[in-house]
């Protein structure tokens with residue numbers, strides 16, 4: 001199977017729907033991944049990279065269906081890790097004399113993985129070119145530590161396609177190949193996760209290397225990555241994002257770290273989060289546990305204990321959250337929250353006007369209509385009668401039917 005990328009460029013890679021761990025177990029690939037290999041058919045036929053070693057046989061068989069292997073004139077290896085060059089041994093067994101173009105560091109890596117120093121290696125450096133006929137050339141650009149010492153990119157003149165290696169990719173498997181064909185929200189979330197996990201340690205190298213590449217003043221109509229989608233619609237948008245992420249990027253976001261045995265500390269953390277959101281609604285508050293589980297961390301079983309914060313303690317937590325939001329704001333706060341007195345003024349609508357507070361009969365958690373439950377999108381000022389039927393007690397996760405009117409407020 002192959003997919004036309006542009007003109008005489010075909011994708012001949014492999015989709016991996018089932019992979020869930022990458023680089024050990026530290027990077028969870030919940031949407032799988034792909035290993036992108038490209039076949040360029042001009043006067044000279046060029047293969048850009050292979051696929052992961054576990055797909056070696058399928059890859060070579062698929063390639064054989066596209067072209068007589070003996071007609072492959074050059075192999076370009078942008079990166080020597082097994083998810084890029086893993087099928088080399090299987091392929092070179094069929095065409096052992098085919099020239100391989102790569103960096104000097106890549107030769108060491110390839111020999112370390114495949115143990116064939118007799119292969120026909122050709123070292124390339126930044127600015128070196130390879131004529132492939134029909135007026136087209138490959139231009140090589142070394143990109144050490146983005147993200148490996150042997151890394152490089154390859155640019156195809158005429159078609160203006162940049163084969164970018166690991167840069168600008170995502171571990172994102174989809175039946176579609178191009179960026180304009182997939183869900184944009186999910187795509188950019190996966191791009192950011194990929195940058196955070198693969199390239200963040202090398203951020204200080206990203207900006208100068210991208211600047212160097214842009215300095216060649218080469219048009220870029222497409223960016224063909226080693227993993228994930230090919231960027232054909234506004235391809236430089238991902239380049240602009242990389243420059244942004246590399247420049248000490250931070251969002252107006254606060255993460256609350258907490259651990260809890262019986263959900264009491266969680267109640268306090270939620271109250272702090274409520275205070276933050278009251279003061280600066282633009283700030284996103286993430287619960288770390290879900291992110292850690294997404295990253296592959298295991299959570300231990302909890303141990304129940306007695307201590308629970310009362311309403312006064314929770315209000316102290318909310319005020320603490322408000323103060324955090326005021327001190328850490330990256331931009332001027334919305335006018336409606338500048339004066340924290342507004343919080344008290346808006347509570348001119350008294351609890352009595354909103355109806356009684358409700359108490360969970362199982363865990364004793366109290367729903368206060370004046371405060372709502374922002375973590376379930378129940379806004380402050382929502383009477384119990386208007387709370388959605390799918391509401392769950394934040395502490396014991398039981399439904400509305402276990403709630404009774406607070407005894408002290410019962411008529």
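Placed from the backbone N, Cα and C atoms, the Cβ positions cover glycine too.
Features as listed in Swiss-Prot:
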REGION    30-210  region 'Zinc metallo-hydrolase'
BINDING   79, 81, 147, 166  Fe cation 1 binding site
BINDING   83, 166, 227  Fe cation 2 binding site
DOMAIN    355-406  domain 'Rubredoxin-like'
BINDING   360, 363, 393, 396  Fe cation 3 binding site
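Structure with Swiss-Prot features highlighted.
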| residue | record | contacts (Cβ under 8 Å, 6+ apart) |
| --- | --- | --- |
| 79 | Fe cation 1 binding site | 49, 85, 106, 148, 150, 151, 152, 165, 166, 226 |
| 81 | Fe cation 1 binding site | 109, 148 |
| 83 | Fe cation 2 binding site | 35, 51, 52, 226, 227 |
| 147 | Fe cation 1 binding site | 166, 198, 199, 201, 202 |
| 360 | Fe cation 3 binding site | 366, 367, 393, 395, 396, 398, 402, 403 |
| 363 | Fe cation 3 binding site | 263, 393, 395, 396, 398 |
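Taking the mean position of the Cβ atoms of 360, 363, 393, 396 as the Fe cation 3 site, the remaining same-chain residues with a Cβ inside 8 Å of that point are 361, 362, 364, 365, 394, 395, 397, 398, 402.
Using the Cβ center of 79, 81, 147, 166 for Fe cation 1, the list of other same-chain residues with Cβ within 8 Å runs, in sequence order, 78, 83, 84, 146, 148, 150, 151, 165, 198, 226. In the three-state DSSP classification, residue 83 (Fe cation 2 binding site) falls within a helix. In the structure shown, the C-beta of 393 has more C-beta neighbours within 10 angstroms than that of any other entry among the binding-site residues 393, 396.
Model confidence over the region 'Zinc metallo-hydrolase' (30-210) is summarised by a mean pLDDT of 95. Of all the binding-site residues listed here (166, 227), the one with the fewest other CB atoms within 10 A of its own CB is 166. Within 8 Å of the centroid of the Cβ atoms of 83, 166, 227, where the record puts Fe cation 2, the same chain has further Cβ atoms from 33, 35, 36, 79, 81, 84, 165, 169, 171, 225, 226. Sorting the domain 'Rubredoxin-like' (355-406) by DSSP state (H, G, I as helix; E, B as strand; all else coil) yields 9 helix, 10 strand, 33 coil.
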